[in-house]
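As written in TrEMBL, here are the features:
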{"type": "ACT_SITE", "residues": "Arg207", "note": "active site"}
{"type": "ACT_SITE", "residues": "Lys231", "note": "active site"}
{"type": "ACT_SITE", "residues": "His301", "note": "active site"}
{"type": "ACT_SITE", "residues": "Arg304", "note": "active site"}
{"type": "ACT_SITE", "residues": "His327", "note": "active site"}
{"type": "ACT_SITE", "residues": "Tyr336", "note": "active site, O-(3'-phospho-DNA)-tyrosine intermediate"}
{"type": "DOMAIN", "residues": "52-138", "note": "domain 'Core-binding (CB)'"}
{"type": "DOMAIN", "residues": "159-349", "note": "domain 'Tyr recombinase'"}
{"type": "REGION", "residues": "1-37", "note": "region 'Disordered'"}
Amino acid sequence: MWGESRERRHAGALGGLGTPPGHTDEMAPTPQGGASHSARAALAAELPPLPADLADAVVRFGKHLDAQRGHSAHTRRAYLADVTGLLRYAVRHGARRLDDVQLVVLRGWLGEQAARGLARATLARRGAAARAFLRWAHHVGLTASDASVRLASPKVPRVLPTVLTTEAAGRMLDTARDDALAATGDDRPAVLRAWAAAELLYGSGVRVGELVAVDVHDVDVGERLVRVLGKGGKERVVPFGVPAARAVTAWLDEGRPAIASAASGPALLVGDRGGRWGQRQAREAIHRLAARAGVDDVAPHALRHSAATHLLQGGSDLRSVQEVLGHANLATTQRYTHVDAERLRAVYGQAFPRA
């Protein structure tokens, strides 16, 4: 049905610090607070340089991550940035060797970031990166002990995902379709793109990052299947419904040809400037669509959460939903059973006289 696997085509990008699959200038992250490149370079120049041994350890750790299966390019970049931040903090506080990075340094580093207001989830990830780095360093003999063994990360409270009712999801998708059918002129490609994106996000349950990385030849409209590259470089094929097939067909026939350029490459979803559509643009399109449909502001991930919950409500088993969503752990999929339980509890509380 398809040619070479996406995993093979993107193997280099997944392993390195370079441009991830499908990344274009339209996907470039906006610096926090709007800082310019020169401002960030000036800030970096003010940071203490890492001693050669510490810098070499970071490089070696990056190669170690390259050799491990299950690490996406995003995770690799995040871990290396976190470890570099830890070591810069340690140097600021007198460390010169890896053995100087003791528990008091780790706690001080996380405490400083907590005081700056970083989210618990971010602190937990940075703690995980520090533990992975120091565990590896001890294993390869760079340190006499693993100082992170007693490092406690902040507990991240379990937050149930935002889920739309079937009526609200239907209203969003109907609005996208009606807008697309009514659109004319220069606005039509963008409206067709928003329709196709919304239908695929809900109809296949893919992540927004997976969606914008899809290429034209990854979609089989006739069979109603889309091939995506998920977390950890894992490839999966997921189905989508007839409404999504109609939206994708309209986009391919009328929308994409109107704005595609040499910069588009094989990208399924193309931005207004001709490059691959980015995650930020996709989120903005879904926010606008939700507003037009009169639905509480939702992110693209809410459509994925809603698809999973509605599949379970419709009788799908957990394992099948796990495969569709690309979850490595069944426990992650089980969150959606809790969402459904909360909904039932709310209905029970409103309707049952002895609730």
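Glycine is no exception: its Cβ is also placed from the backbone N, Cα and C atoms.
Feature annotations (TrEMBL) mapped to structure.
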| residue | record | DSSP class |
| --- | --- | --- |
| Arg207 | active site | coil |
| Lys231 | active site | helix |
| His301 | active site | helix |
| His327 | active site | coil |
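Considering only the active-site residues Arg207, Lys231, His327, the residue whose Cα is spatially closest to the Cα of His301 (active site) is Arg207. Arg304 (active site) and Arg207 (active site) are 7 Å apart (CA-CA, integer value). Note: Arg304 (active site) has non-local neighbours Leu201, Tyr202, Gly205, Val206, Arg207, Val208, Leu325, i.e. same-chain residues 6+ apart with C-beta under 8 A of its own C-beta.
Note on the domain 'Core-binding (CB)' (52-138): DSSP counts are 71 helix, 0 strand, 16 coil.
Lys231 (active site) is 9 Å away from His327 (active site) when you measure Cα to Cα. Lys231 (active site) is surrounded by 16 other CB atoms, counting those within 10 A of its CB over all protein chains shown. For the domain 'Core-binding (CB)' (52-138), the model gives a mean pLDDT of 90.
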